[in-house]
Amino acid sequence: MGSFNTSFEDGFILVGFSDWPQLEPILFVFIFIFYSLTLFGNTIIIALSWLDLRLHTPMYFFLSHLSLLDLCFTTSTVPQLLINLCGVDRTITRGGCVAQLFIYLALGSTECVLLVVMAFDRYAAVCRPLHYMAIMHPHLCQTLAIASWGAGFVNSLIQTGLAMAMPLCGHRLNHFFCEMPVFLKLACADTEGTEAKMFVARVIVVAVPAALILGSYVHIAHAVLRVKSTAGRRKAFGTCGSHLLVVFLFYGSAIYTYLQSIHNYSEREGKFVALFYTIITPILNPLIYTLRNKDVKGALWKVLWRGRDSG
């Protein structure tokens, strides 16, 4: 059997949710609605971050990057999934599969790193308020954003390269998109060495950022407890709790998928877990981080009234 870059010229078959045909129409409706709302919500955040000068702050700078990531991240898999659920075409070309694997891993890895940067930004705002603007100056913000994107794409390049070097036995991918654990399941040769290399990269990109975020929020919680106002503490803990919910869903599902042994990985369960970080998290991010925020609501009304007056 040849290696991935010479095998299966006709591509792969994505099994998707065809094992549950009665579930496919329901999934199609819900996923289509969630995808539409994700596009709408994240596009609004990006537009407002550019249009309203009051949102030209470090926090909204990173949030606009997160929204762009979520737009691209969900678009790298969901359109293919919707086609799959319709049963029109369950195939994907070899080149398309490689491109999807690379883009998906790059964007997912970038989001893992960017969420750490955003946690650091919140830590600086809450725990070092007097020095916040000095710490989070524009040059540092741009550097951190570029570093996040760079780290994500480097990680994806490494893991995609390792995947392409594996010989595969079969062309049926028991998933709704080209995901790494499914390729490892198809590998003909012993993948222990490849798995070890991938595991190190995943610990750096997934586990370490998750630990850093939790550490940041421990410091934030400690600072909030010193706030004398009960209402202020309640508001701060409510915000932190919402942020941690997104972190838990995103990193929890990613850890389940990427940090367990391939021998313990269940393809049937993996498909449903993947829905959390491909469908659920991208729609929660704009709702939790920004659309409930008074500044964002004010900016949105300002833009809407400006458009109404000009009309």
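Cβ atoms here come from the backbone N, Cα and C positions, even for glycine.
Relative to the membrane, Swiss-Prot puts CYS86 on the other side from ALA231. Within the group of disulfide-bonded residues (CYS97, CYS188), the Cβ with the highest number of other Cβ atoms inside 10 Å belongs to CYS97. ASN264 (N-linked glycosylation site) is 24 Å away from CYS97 (disulfide bond) when you measure Cα to Cα.
Two recorded stretches are said to be in contact when at least 3 C-beta pairs lie under 8 angstroms, sequence spacing 6 or more; the transmembrane segment (195-218) and the transmembrane segment (101-120) meet this definition. When each of 101-120, 236-258, 272-291 is checked for Cβ pairs under 8 Å to the transmembrane segment (140-158), 101-120 comes out on top.
Only sequence-distant pairs (6 or more apart) were considered; of these, at least three Cβ pairs between the transmembrane segment (58-79) and the transmembrane segment (272-291) are under 8 A, so the stretches are in contact. Counted with DSSP, the topological domain 'Cytoplasmic' (50-57) comes out as 5 helix, 0 strand, 3 coil.
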